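Enquirer: The structure is given below, and queries will be raised subsequently.
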Amino acid sequence: MIAQIIVDVPVNRTNRPFDYRVPAWLCPLIQVGSRVVVPFGPRKLQGYVVGVSENDADFADNHRLKDVEQVLDDTPPLTPELLDMSEWMSKQYLCPWVTAVQAMLPAVLKGKAEKWLTATDDLDEETCGGSGLLWELHRKRHLPLAEVEKQFPEEFLLVPGWIRSGLLATEYQVKDRITRKQQSFVRCLLGPAQLAEAAASLPARAEQMRRVLELFSQHEGQSFSIQMLKDEWGITRSPLKSLEAKGWLAIEQVEVYRDPYANRRFAEKAKPVFTPMQEQVLSPILQAIQSQSYASFLVHGVTGSGKTEVYLEAIEQTLAKGQEAIFLVPEISLTPQMVERFKGRFGADVAVLHSALSQGEKFDEWRKIIRKQVKVVVGARSAIFAPFQNIGLIVIDEEHETSYKQEETPRYHAREVALWRAKRNHAVLLMGSATPALETYALATRGRYTLLEMPERVGNRPMPSVHVVDMREELQSENRSMFSRKLHEMIEDRLVKQEQMVIFLNRRGFSTFVMCRSCGYTMRCIHCDISLTYHKTNHTARCHYCGYTIAQPAHCPECQSEHIRFFGTGTQKVEAELAKLFPGIRVIRMDVDTTSRKGAHEELLNKFRAGQGDVLLGTQMIAKGLDFPRVTLAGIIAADTSLHLPDFRAAEKTFQLLTQVGGRAGRHELEGDVVIQTYTPEHYSIVHATRHDYPAFYQDEMLQRRRTGYPPYFRLVLITFSHEDVPVVVRGAHTMADYLRQRLAETTILLGPVASPIARVKDRFRFQIMLKYRDEPKLSALLAQATAAFEEWNKQQKVLMTIDVDPYVLL
Ligand code: ADP
Ligand code: ZN
Ligand code: ZN
C-alpha cells in the first residue's frame with residue numbers, strides 16, 4: 001500500500017503530497033485523514049494522509065519510497081469533508097495545504113518534532129567511563145536533547161564529540177501532546193442487602209463511612225467522583241480508603257472530559273411564544289431545514305429584535321431531524337450568558353469552543369464532537385471546522401464581525417468557509433446582524449442570500465433615544481472635560497435613580513500617545529513606526545506591536561521641556577476623571593489590562609450584574625452581546641476615533657460600533673438613552689447611526705465604495721513584504737509587482753509597491769502591493785505561480801511575503 005502524505009513543513013516548496021510505503025502491519029490502521037509520523041530528509045515529521053493506493057505496482061520506483069513509521073490515532077481526525085475543504089482553502093487563500101489542515105485541528109494534535117539523543121550499540125559499560133550522561137543513556141537508550149542540556153549542562157558540550165566518535169546519535173521524534181484527564185471514582189461492591197448489614201457493623205464513631213454507604217444505598221449502581229463526594233457532602237479521603245480496605249468499595253481511575261462548565265447547573269430554558277415577526281422570519285428558514293437542500297439567509301434585525309431566539313429555534317428543528325448544527329459567534333460575545341442560553345436549551349448536547357479554554361479542554365470538546373456525543377457546537381471562528389458529519393445548519397451571529405477573518409495563515413474568512421460547508425452538506429446557512437457587512441447586504445439585495453428583515457424590538461420596546469453632542473461646541477463653551485455637559489448631567493441622573501450605565505471608549509489606549517506640549521514631539525517605538533501608548537499603572541510608554549516599553553520621561557528628549565505628557569483618552573484616564581467628577585461612583589473597568597487573567601472577564605461582569613458597580617467602563621469588549629436589565633445609559637466618549645483610521649471600512653466600523661453600543665441600553669423594561677460625543681457630528685455614519693437607519697447608511701457608503709473602487713464593487717488582494725533593509729524589501733516588492741503586471745488581466749488594477757501605512761514593525765520595513773479586480777477566475781492560479789517565481793528570486797534575500805485575499809487589516 002502506498003500513501004500520499006502532506007508533511008508538517010508549512011512552506012510552498014513542500015506544498016504537495018509525498019508518496020510513502022505503508023508497511024503491512026500499519027495497513028489496517030491507516031486511512032485517508034490519518035495523522036502519521038514519516039521520515040523527511042534527516043527529520044521525522046508529522047503528516048496527514050490525503051490519499052492511499054492499494055496497488056504498489058503503479059509506482060515504478062516504489063522500492064525507493066520510505067516507510068510510514070507510525071499512525072497516530074485509531075480514528076482519523078480529518079473527515080473526508082475536512083480534507084477536501086483544506087485543499088480548497090489552500091487554493092483559495094494561497095496557503096500551504098498543511099496549514100489549512102492544522103487550522104482545523106485542536107492544537108494538541110499538532111505534533112512537535114523534538115530532537116532526541118540515542119545511544120548506539122557502541123556505547124557499553126566500558127565506554128561510559130565516568131560520565132553520568134553516558135550511563136543514563138546506556139540505561140534509557142534515548143533522552144530528549146533539551147532534557148540532556150538541562151540535566152547535564154557540562155557534559156552537554158561533549159555531546160558533539162561523542163556523536164562524531166559514534167557512541168551517540170541524534171534523531172527526531174514527533175511527540176504527541178495529547179493528554180487525557182483521569183479522575184478517581186468510587187464504586188460500591190456491595191448489593192443492597194449487604195449494604196445495610198455493612199452499615200450496621202460499623203462502629204458508632206465512623207460517621208463519614210456510614211454516610212458513604214447510605215449514599216450508595218440511595219443511589220444504587222451509581223459511582224461518585226472523590227472530588228464530588230468532597231465538594232457536595234464533605235467526605236474526605238480517609239473513610240473512603242478504609243471502606244476500600246474492607247473490600248466494600250473500589251476506587252478507580254476513569255478518563256473524564258475536562259469541562260469548564262462541569263460544576264455548574266444550567267436552568268432549563270423554555271422557548272418563548274414567538275412574536276409574529278419571529279414567526280414570519282422562521283417560516284422560510286424552517287422550511288429550508290426540512291427540505292435538506294442548500295439555502296442561505298441573512299437576517300437583518302435591530303438589536304433586541306429576537307434574532308437569537310430565531311437561531312435557537314432553527315437549531316432545535318435541525319436536531320429534531322437528527323442533524324447537527326454549528327453556531328458561530330464572535331469571540332467577544334461568547335459570554336457566559338450566551339453559553340448559559342445554549343446549555344439551558346440544549347443541555348449536554350452542546351460543545352463550547354472558545355479561546356479561553358486550555359488546550360486540554362479544547363481537545364476534550366473536540367473529541368465530544370468527533371465521537372458524536374454532542375449535536376451542537378457553539379464557538380468562535382475556528383468552530384466552523386467542527387468535525388461533524390451530518391450538518392444541517394450553520395448559524396453566523398453578528399456576521400459583520402471582523403474577528404471571523406483570521407489574520408494569520410491561513411487567512412480565511414469563516415463566513416466563506418461556512419458557505420462552502422453549507423453547499424457541500426446541502427445545509428442551511430443562516431447569518432444575522434443588526435449591521436450586516438456591506439458585502440453581505442449587497443449580495444442579499446441581489447438575491448444571493450434571502451434577506452429577512454426584523455425592524456422592531458421584541459415587545460415593542462422603543463429604540464433608545466440618541467443624543468449627539470458636538471464636542472467642538474463644548475470646547476467653545478469652555479468645557480475642557482472629556483465629558484460633555486449632556487453626558488455629565490445624565491450620569492448624575494442615573495446615579496440618583498440608581499440605574500446602571502456603560503461608558504464606552506473606542507479602542508484601548510489608541511489615542512493615549514505621549515506628546516510634548518512645547519515642541520510637539522511624540523514618542524514613537526524605536527522598532528515600529530507607531531506611537532507609544534501611555535500606561536498609567538506603572539508610568540510607562542509601551543508599543544502595542546512589539547511590547548517595547550520605556551519609563552515615561554520627565555523631560556522632553558527633544559527640547560528638555562517638562563511639559564511632556566500623555567494625550568488622548570484611555571480607559572484608566574476616564575476612570576480617574578469619573579472618580580474626580582462623581583465622588584463615590586463605582587466604576588468597573590474592563591480592558592485588556594483588567595481582563596488578562598483567566599476568568600477575570602466573567603468576574604467583572606458578574607460584579608456589574610450583581611449591582612456592585614454603577615458604571616461598566618470599557619473598550620470594544622463591552623460593546624457586544626451583553627444584556628443587563630438595569631442599564632439605561634450608554635455613553636460613547638469619542639465616536640470618531642475609529643473614523644480616521646487609514647482603512648476603507650472606517651465609516652462602516654464606526655456605524656457598527658455606535659449601533660452596537662446603542663443596543664446595550666434600554667433592552668428591558670427601563671427605557672434607554674445613548675450619548676454620542678463626537679467632533680464630526682455631520683458625518684453620515686454618525687447621522688445614520690443616530691437614526692438607527694441602516695439602509696440609509698448602506699446607500700451612502702455604497703456610493704463611497706463605488707467612487708473609491710473598494711469592496712463590494714471591487715475585490716482586493718493585499719501583498720505585504722518585509723525585511724530589515726529598505727533596498728531589499730523594495731527590490732522584492734518590485735520583483736513581484738513586475739511579474740504580476742506582465743501577466744494580470746487588463747481589468748485588474750495593481751497599486752504600488754508603496755510603503756505600508758505602518759512602515760516598520762519590529763525593525764522590519766514593510767512595503768505592499770494592492771490588487772483590485774472585479775472578477776478574475778485565473779487570479780488564484782496566477783498568484784500561486786507568482787509566489788513560486790518569487791521564492792526562486794527570494795532564496796538568498798529572505799524577504800517575508802504574505803498574501804491576504806479579501807483583506808480586513810490594511811495597515
Ligand atoms: P437579538 O438577538 O436580536 O438581540 P434576542 O433574541 O436576544 O434579540 O431577544 C432580545 C430579548 O427579548 C431577550 O431578552 C429575549 O429573551 C427576549 N425575547 C426574544 N423573543 C421573545 C419572545 N418571543 N417573547 C418574549 N421575549 C422574547
Ligand atoms: Zn519638546
Ligand atoms: Zn514596537
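Using N, Cα and C of the backbone, Cβ positions are placed for all residues, glycine too.
Straight out of TrEMBL:
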type: BINDING; residues: Cys516, Cys519, Cys556, Cys559; note: Zn(2+) 1 binding site
type: BINDING; residues: Cys525, Cys528, Cys543, Cys546; note: Zn(2+) 2 binding site
type: DOMAIN; residues: 288-454; note: domain 'Helicase ATP-binding'
type: DOMAIN; residues: 551-718; note: domain 'Helicase C-terminal'
Enquirer: Rounded to a whole number, how many Å is the Cα of Cys556 (Zn(2+) 1 binding site) away from the Cα of Cys525 (Zn(2+) 2 binding site)?
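Expert: Between the Cα atoms of Cys556 (Zn(2+) 1 binding site) and Cys525 (Zn(2+) 2 binding site), the distance comes to 15 Å.
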Enquirer: Translate the DSSP assignment of Cys559 (Zn(2+) 1 binding site) into the three-state scheme.
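Expert: DSSP assigns Cys559 (Zn(2+) 1 binding site) to coil.
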Enquirer: Near ligand 2, which of the binding-site residues Cys525, Cys543, Cys556, Cys559 have CB less than 6 Å from any of its atoms?
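Expert: By the Cβ criterion, which requires under 6 Å to ligand 2, the hits are Cys556, Cys559.
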Enquirer: On a simple 10 Å Cβ count over all chains shown, which one of the binding-site residues Cys519, Cys525, Cys543, Cys556, Cys559 is most densely packed?
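Expert: Answer returned by the neighbour count: Cys525.
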Enquirer: Ligand 3 is in the model; which of the binding-site residues Cys519, Cys525, Cys543, Cys556, Cys559 have a C-beta less than 6 angstroms from one of its atoms?
Expert: Cys525, Cys543
Enquirer: Any idea what the Cα distance is from Cys543 (Zn(2+) 2 binding site) over to Cys559 (Zn(2+) 1 binding site), rounded to a whole Å?
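Expert: One finds 23 Å between the Cα atoms of these residues.
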Enquirer: Any idea what DSSP makes of Cys516 (Zn(2+) 1 binding site), helix, strand or coil?
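Expert: Its secondary structure by DSSP: strand.
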Enquirer: Counting every protein chain present, what is the number of Cβ atoms, excluding its own, within 10 Å of the Cβ of Cys516 (Zn(2+) 1 binding site)?
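Expert: Here the count is 21.
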Enquirer: Using C-alpha atoms only, work out the spacing between Cys519 (Zn(2+) 1 binding site) and Cys525 (Zn(2+) 2 binding site) and round it to an integer in Å.
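Expert: With the alpha carbons as reference points, the distance is 18 Å.
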Enquirer: What is the interatomic distance between the Cα atoms of Cys559 (Zn(2+) 1 binding site) and Cys525 (Zn(2+) 2 binding site), given in whole Å?
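Expert: Answer for this pair: 19 Å between alpha carbons.
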Enquirer: Take the C-alpha atoms of Cys525 (Zn(2+) 2 binding site) and Cys516 (Zn(2+) 1 binding site) and report the distance between them in angstrom, rounded.
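Expert: With distance taken Cα to Cα, Cys516 (Zn(2+) 1 binding site) is 16 Å from Cys525 (Zn(2+) 2 binding site).
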Enquirer: Looking only at the domain 'Helicase ATP-binding' (288-454), report the model's average pLDDT.
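Expert: That stretch averages a pLDDT of 92.
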Enquirer: Can you tell me whether DSSP puts Cys525 (Zn(2+) 2 binding site) in helix, strand or coil?
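Expert: Cys525 (Zn(2+) 2 binding site) sits in coil per DSSP, no helix or strand.
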